[in-house]
Amino acid sequence: MPNRAIHAKFFADLSAISPFYIPTALPDPLPPTCSLTRVSLLIRHSSILGNDDEYDDSMGPFIEKIKRIRDEHPEKIPQGEWAFLGEWESPIKEDKVEVLSERGKADSLYLGQYIRQQYNSLFPPPDKKKSSSESKHKHKGKKGKKAPPYKVWTASSSRDIETAQAYIKGSFPKHQSGPNGDGDGEVVQLIKVPNKAKDWDKSLTPHKACDAFEKLSSLEPANKWLALYAGRVRERLSSLMPFLIDELDDQDVLGMQMLCGYESIAQGSSSFCHLFTDDEWLDVEYYFDVRFHYMMGYGNSLSPYLGGPWVKTALHLLDGKDTGGDDHPKSIADGSKKLPKPKLPPNATHTQLLHPSFTHRESPAFVAVFLNLYNATSLKYPASAPPSLDHRVDERAWRTSHLTPFLGHIALERFSCHPTRDSPDVSSEQVGSGDNHHHHGHKGKQDGSYVRAVVNGKQERMGGCEDGVNGSCKWETFVKFVNGRAERWGDFEGVCEKKKED
């Protein structure tokens, strides 16, 4: 198991560059009398050896600059804690960016074990089949029919596929996971979804199928903040490296802070991690929050359109009716403005209770916007508020370090509760007994249940959908909530058509 204590202090502020680490606290539990029935999971891929844009804009130029200075002006290399630059060779290479790291594979395997522990009763039985006849008897769907395989969906980039394969190895026994993590094909199956499929129900990366989506404009506000705080960093460093400081620009400061994260992923540590103050780490976290606010958060008008596809599919999966897809509730299936019936996923018989999907860093943020997370009117600085560019807002609700680290995930959990004397108004659905702190179970009827959004183990309120127990949402309200937002932000094709320049 990887050592998640290494540089954890710095990772907490590195936003989408942070390797995944399991919080010390247990995930937020359900109320004591409640049990899970179905869960949809959206998971970002695990840690890579650099992002191509970040390498091209910040890390790569800094690496080449230090090589040049070292060759042409070695006297400019500072002494003291910066002396390592005299012999430094970064493990982050241009030909390795976007490649899943060894730590990333280990982390994803660990995540599989973690998810298995949290949602054990929603997985297929782990029993090893002793004979083909016994296997067919155990793995059956309704009316004695053989159940389809338990599916894990992944975007088609290699880093997503390898993350999903490691997850499957961690969450299933060897005889079900298959030798490569693709599943045995009978009980478990990995489904690879094309990145750029145009119709929403066939893509886990809707921004790649949206021609109008772009990232460049988010750099303008982010770089305004970078210029402010990087200038302060260079001023502090001027006495420590008087001959080198004039060679360094804003992107170099950002690149060094990025290298802290990526080098730690690649080799377990980085000399850059200890060279910045606590305040400077908070400043770079704010840089990412500003950038991602405009790239994939509330500051991008496309975000709710791009978050809708996965949520609409999750709604269908959480509905869980054994109908073969022919008689969905009218509120879901009927009318041109209502939700279309997804084709991929789910399987037709709905024997699967936990639906994990692996994707890129943008998708959890899009989903957060569609679900109106971190945006309560009671918050002093809700996520939809434009971030200040002349000072850091420490009380902001939008924190991408909490939302999109590597392996960051959003769970939509459907659950039901037994009534008690203290809470007589909760669902009277009779469910099976649980097997851990989540009180899992999935027997009984489906009416009167609730849905909650859980981000990396922490329950987050869906603004406008909070009428259930402990800030969750009643199922009927959730259906209306998703349908209403889908009507408002449902014209995926229209908004994603790239406008021709005159």
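Keep in mind that glycine also has a Cβ here, set from the backbone N, Cα and C atoms.
Taken from TrEMBL, the feature compositional bias 'Basic and acidic residues' applies to 126-135, 323-337. According to TrEMBL, the feature compositional bias 'Basic residues' maps to 136-148. The disulfide bond annotation in TrEMBL covers Cys260-Cys273. Residues or ranges marked as region 'Disordered' in TrEMBL: 120-151, 323-343, 419-450.
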Packing count at Cys273 (disulfide bond) (other Cβ atoms within 10 Å of its Cβ): 21
CB contacts for Cys260 (disulfide bond) [other CB atoms within 10 A, all chains]: 25
Mapped DSSP class for Cys273 (disulfide bond), helix or strand or coil: helix
